[in-house]
């Protein structure tokens, strides 16, 4: 049995509060157990210098934690004057993942800034960020689409992420909390689209290794959790948006 | 009449949610109208190098805004690699203000880190931070006192802050929102203790000046608002804590 | 009696040497007792990016101390790689104060850079900087006006600053030196225009508080000192410049 | 057929020149096709602050490219004043991978600094770095073991890395060069131990996704290449070192 | 006798491997004894902002050492976040020296970036960098000249550098290795053109001084070594390039 | 004739005002024509980490210019967040030069911080800094010697610096002002001790070269100027200090 009483394949309780803030084009507060992240999507009417003139858009993400999101207070990265390697890895992962389900050509030279700010951390902050940011981004695109600032709704599929890992006496478990994460021998983050394809797969033996069989077990557990996350995302999105996304998905398959 | 329909001397609607987060020793979410700030208090068992060996404690504050707390997205200070002058001014102000109502000798060589993170901004973020941080700090000290980690409850009075300003066609107004703040000719932040004494007074003619009479009008408006804020603070604090604070206040007066 | 033998309401000996340096458009060495500051005004033919195209000018200030301006040598901010919060606060205050007496519209898209470099520090460096910078700036505008680079002389009133504070056994005192400043319970900087209006008021209880009565006493002391500083400024300015400033002042009142 | 005429499952020509430099405890020049990396291992007699007193060692890696290792010259990270997210990701990956085959307890409070400096880049610099760094690290430990500075030879298995990817008209390919890497739809880095277990698995759909079947194809290709890399590593290591590594491996299995 | 058995006036064994790397327009690996430096020349089709519109080119140099080029590992300057004074001095020296033998007018608005990366250090890295960079730069210009990207071959003379110094019991010596350099009382770097004129002369008494006679002795030793370095440079350059350089030299003399 | 009417071998008018500031152990304002530098010497009772435990002292220098010391205002290095290569070169030169005439063993583990702040620049700021800093440092040591904080007076000779250069139509000139410096073909800084020995010799052909004959002419001109500078230094030093320096010099010669 797990520390918090869950089954091996059981997700924590998850909520997504939409339109959480007043100013951003899209914003949610996602809670995955005690992990809480504010995800916002902001639209800027230009792209970074390296992309100008190509006529396509860009999605970029930033990630941060409040200093006391964690058990011990962390020094702010602004006070340190630099961003840690961990933060950079995470924000690159979030941006790359979201870009996989967006047709960047169809939004023109716009940048969508995704901000994921962890208010409270209890493991899985990067996967919660991706799952929440997908919803915030979707709402920002819905707003642009409604205002006719974009002609085509650009999202082609759902996108969510979760973690899986191997615990010594338990085996493969889904959606690790912080206590589990710090003891796990293998830790894997899986980002998947609604149709069950992988976008990112990052598995790490923490001073340990894992076999092909263990890999398969982990992937199966992840897939089970992700399917529930897609259902949750649908439950907070407008019917109209769901139709647009699923319509895009079918077109893609047909091609 | 004011843009949001308030009277000249009327505060916005204010809420203080206590114990907002799981990890910090004290934490609140304060809303002053649409301005929302998470204030946390973290206890560290040592003081900064310049104070070691003196046997007394320290209170220091950090302030930040989520990038999309505002109408336009701001670049993160961690991404810029440096903290702006405005941020520094605000965090110095918060720390200095809180230290005015704490008997630093009585807490020993501990640092209380105050973090004020603005989730949503609509004017008055620095004064909301002070009013909220006072409550978070009080709860952290209550926890230390309960655990007998400090012998004496160190807070000697209530502490709150508000803004006042002069608007062209209206005159002196209390608790400016962002729309008012950007048009005000004079802008003043007042930090006060429960017994009506000033801790900080920062008045600025924004490319304008103000007379002694205007100053007096502003101070009267501020005092009115602050008295309501002290009542609000008391309404969210434990009876026992209120007794301790007021007991300390009486001792001080007696001296 | 005060440590240096002055009366409570007495300023230190003050000198302003004008045209102190060869290159800047305006430059003074101001001494306020043992505090010595070089203030220069430099004209640049453009404004910062956020102001371009508005047709109005800008005044910005930088402040620094030589490493050994003080009793103990300080590490240079260039060596640290960042500017302290204190420096930022001071340079923002100087710039904001000077802008209050300049008609920015009338100078076109020019920036006046004010540099205040403290050669020797003995308390009151920020107020000495403002009082001296006003003269350096005036001379720079006089040069531009003479060269017909600006059509209207833009300064609308005198501007000076001083400090006041409360000392334990003495009460309210004017123009604190370093020894007094470090012991003062309350410390207040007052920036005023020649017609007796406030531009900035920054009062701080240093781990202490102050009452309304004390505030009034401090403001009276400040006003007395400032009136002497305006006289000193006039004594080092050309007759012609004095006429231009006072002419502008009368026009303003008439409006 | 691939751009350079290789079969889908064919590695590029690989050389490892050992003892490449005079000063480091271990050093190699590894060439994987036109990719050339200098890998060094340096021994320091202490561990980072967060590990002191635990009696175990640490392995940390740094990665850099000469500015003109690439087709276009890159700005040096020292000139930029900060390290890019890509560099941070790579050096964290190298360090984590190497630690998976070292018994850190057995080396005491020592840090092994791994430096991977890319002299010439043509794709696969991070995997070449891991494969080369393993040999440099092994030689450094061999030196310590010979000098009796460590009692037990700490390496428990071989470690190598390679990349696999999916090219549009070709399918799964092994060991991508730069031209292939920039066109690949899916890109995966696999770090493996000599006994065929995974240490790291990082698969990314580059604005694309991949299925479970594709994943299996990629993993099979990677495994084939990695087995050849282990043989190459053995061919440049001393007979004695090979015995020590394989002895450790057998002991581990027995446990 | 010297530590490595050389005569006082004897250079170490020197090799210049040309076309060392695939991407840069010019690249060499120069070895001076155990000192090894990769020198590359990269062509960029624009000049720094301060030179735009003048129609002439620029040559700039950067210098770095691999962390373990030395006996003790050094922290990377990218990790420190800033470039040391020593590095800045050296890269300014390299750039200035090379510019002395190039007709910058004749290359148009191009920048030649010289990168000198020390792979292994044993004294004299800055002089080896200059001697090697001259050859890399020459090859880059040869490529531009061949491609008709420049009309005139811009190099007007050979350029090389060496060090001389005074050792306590030996006297003036040529081409100091690290062991000698750290004990030398006087240390001088001499940069000279093929016709025997000085470009740079940097002599330093290391907590010591030197007389006019000693200066003359050092300069004579340097000249002897430099003449051999020019011969070595010629031996690795194309006959055609040699003719172009020497033709330019004669034209200059005739003027 | 030179732009300012001087003879080729003529120094500008030079003044050294001693005890210029109140706080530092030694301080001067040196003027060399229109170049004005404040040089201070501060004593710290410890040495940098790399020297601890050796029982000897250290002398280190910092150099800076006020932003408007020059014709055009320069951005402060503190605002840029980094120190330029030129500044680093100059401060390393000043420190190294001063250390050549001080017996560091005799002062114990103390650091002398030399600060050279250029108030007004008109060429030759680095040589004026050295000449002035020598006097400031001497006064700081005199104070330590008087207080018996050091047993032996540590200065072994005078130290001064000047510049020489070659101007197109004039030839070798002494002590270049800014107008001359910017046109000079060759520029050389010479640091010398009172007994006529070189400490530093830095000659640079500014996109030009110079012959041995020109070198000799430059050195003769420099020596002539330096002898006058030593006389000036003596004229502002106490008789007692002069005796101590010259006594040390004789002892050294005798050894």
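Note that Cβ sites are derived from N, Cα and C of the backbone, with glycine treated the same way.
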Report task. Let me know which member of C:80, C:86 TrEMBL also records as binding phosphate at the site of C:124, C:125, C:126. Result -> C:86
Query - For the phosphate site built from C:86, C:124, C:125, C:126, further residues of that chain with CB within 8 A of the site's CB center - result: C:63, C:90, C:118, C:121, C:123, C:127, C:128, C:129
Report task. Give me the largest Cα to Cα distance among C:86, C:124, C:125, C:126, the residues the record lists as binding phosphate, in Å as a whole number. Result -> 13
Query raised in the report: Could you give the number of helix, strand and coil residues in the domain 'Exoribonuclease phosphorolytic' (C:10-140) as assigned by DSSP?
Result: 42 helix, 41 strand, 48 coil
Query - Model confidence over the domain 'Exoribonuclease phosphorolytic' (C:10-140) (mean pLDDT, whole number) - result: 96
Query raised in the report: So how many other Cβ atoms are close to residue C:125 (phosphate binding site), meaning within 10 Å of its Cβ?
Result: 23
Query raised in the report: Which site among C:86, C:126 has the most other CB atoms no more than 10 Å from its CB, taking these as binding-site residues?
Result: C:126
